[in-house]
Amino acid sequence: MSHSVEDIKSESRRLRGSLEQSLADAVTGALREDDQTLIKYHGSYQQDDRDIRDERRRQKLEPAYQFMIRTRTPGGVITPTQWLALDGIATRYANHSLRITTRQAFQFHGVIKRELKATMQAINATLIDTLAACGDVNRNVQVAANPLLSQAHATLYADAARVSEHLLPNTRAYYEIWLDEERVSGSGSEDEPIYGERYLPRKFKIGFAAPPLNDVDVFANDLGFIAILRDGQLLGYNVSIGGGMGASHGDAETWPRVANVIGFVTREQLLDIATAVVTTQRDFGNRAVRKRARFKYTIDDHGLDTIVAEIARRAGFALQPAQPFAFDHNGDRYGWVEGEDGLWHLTLSLPAGRIADTDTAAHLSGLRAIAQLNVGEFRMTPNQNLVIAGVLASERARVDALVAHYGLDAGNQSATALARGAMACVALPTCGLAMAEAERYLPDFGAALQPLLQQHGLAETPIVLRLSGCPNGCSRPYLAEIALVGKAPGRYNLMLGGDRRGQRLNTLYRENITEPEILAALEPLLARYAAERDHANDEGFGDFLHRAGVIALPPYPTHRRLDLELLA
């Protein structure tokens, strides 16, 4: 018997449910229905291989159930030793691949139920956990990708890690179920001062950005912290609230939203403001209609002023006026970059964040070889790429040799500008929500679009491209200059008009169309862009479409654009 998510949470004994009984049931590869909800809070989703679902049904077999496990790695920072251990876990328990997510976490795919506990224990043995990586809690905290670049970046990362730890659930269920922690008096009734017995109405996302780079797409987060730097010193943070990408096709009651900047806080006020925002959403969020439960809808339903006043009341102080800041782009900086301390940082382009050995590339083996050098650290970016950080100048040649040998940076060195700025969610065959391909389709669509770009002299012009297999928007498609949002197998909504800074939503241009129709719609627009764009100001494709009147932001019940003139 299925129950509402709210009932499942409140009756779960702090996220325990019957997970242990489900895991012990050898008759099926699945969990009990309610436990499929609860395991998300432990960092895992039950999935099945949709490529073979119909065949298994014909054979009267249950679906090929498997589990995705997601790490909690604030800012995506791990050591070479941890990398090697995670590589081993992917090879032993998962599908021989690692995947970098758009929130700087790792995902393991293809873990079967009888090996789920052993996999969880192996991950925790690396001093990485998966607690609260999924579910109606604060998820993995994003951070500007390279905290070693300067002391201010390092402080930013430390602050993000503090927020991540502060917002972890108090329940010991995770440690009891996966790590065999001994149960003590009060087990199942732990106090959850931030979350309460029902946790949050929906998932909650936090990002820390360091201008002028908006690699975290901070305005897509429920709560954003924008570092205010003066003369290299971190003074504090502008606070943004109410971003979110998810929507439902054809449902006027759901929409993506760009966050509002509501003021400035000092570093000392960081945990207080985070707690105030999260608990405001806990108490004001819509628990009756799950599709309307994200913080963005709470703000739109109650009004921004009401929510900001409530946050200030709970924090015990009013936010100061927002400080000036400006972003110039939301991509990654590829190649070697030198930090303030003389250490070097190499950003590698990894298409869709997938790290595997295939017929055309040996990314898993190559990164294993770099990790075995034991130099620097590994830092995942919010654009699904990877930074080899903190490398001595004397060690660069060794890293470069391995990069060349394994073809690790093909995405940067030989691929197109389009590929370097592209992202895609996993979608088929594992995501249960996917309506169309995304990760597996990205290379093919890029190859189909590239001749049009070359035809119009745009082959090396950066264009932000994102593919999503469904309207939930895990790849943050609604901020892209060009986005394909899956509608059905082989059919997509074509969204146009985001910008390179992550500050403006795109809008629907064509609905439910196939690849030939997508290319036919884009060709005349690319031709006009090539002929009429403002070269002097490096005008982006999305900005041009707005200036030329090709598209416009329609009347909309929510926040769609951050006004650039306020941020200079």
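Placed from the backbone N, Cα and C atoms, the Cβ positions cover glycine too.
Residues annotated as [4Fe-4S] cluster binding site in Swiss-Prot, with sequence analysis given as evidence: CYS425, CYS431, CYS470, CYS474. Summarising the environment of CYS425 ([4Fe-4S] cluster binding site), the number of other Cβ atoms within 10 Å of its Cβ, over all protein chains shown, is 27.
Annotation source Swiss-Prot lists siroheme binding site at CYS474. Classification of CYS474 ([4Fe-4S] cluster binding site) by DSSP places it in coil, neither helical nor stranded. Under a cutoff of 8 A between CB atoms, and with a sequence separation of 6+ in the same chain, the neighbours of CYS474 ([4Fe-4S] cluster binding site) are THR101, THR102, MET245, CYS425, VAL426, SER468.
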- Task: Tally every other Cβ atom lying within 10 Å of the Cβ atom of CYS431 ([4Fe-4S] cluster binding site).
- Result: 21
- Note on the structure: Same-chain neighbours of the [4Fe-4S] cluster site, Cβ within 8 Å of the mean position of the Cβ atoms of CYS425, CYS431, CYS470, CYS474 and not counting those residues, run in sequence order as VAL426, ALA427, LEU433, ALA434, ALA438, SER468, GLY469, ASN472, GLY473, SER475
- Task: Quick one: give me the count of other CB atoms within 10 A of the CB of CYS470 ([4Fe-4S] cluster binding site).
- Result: 23
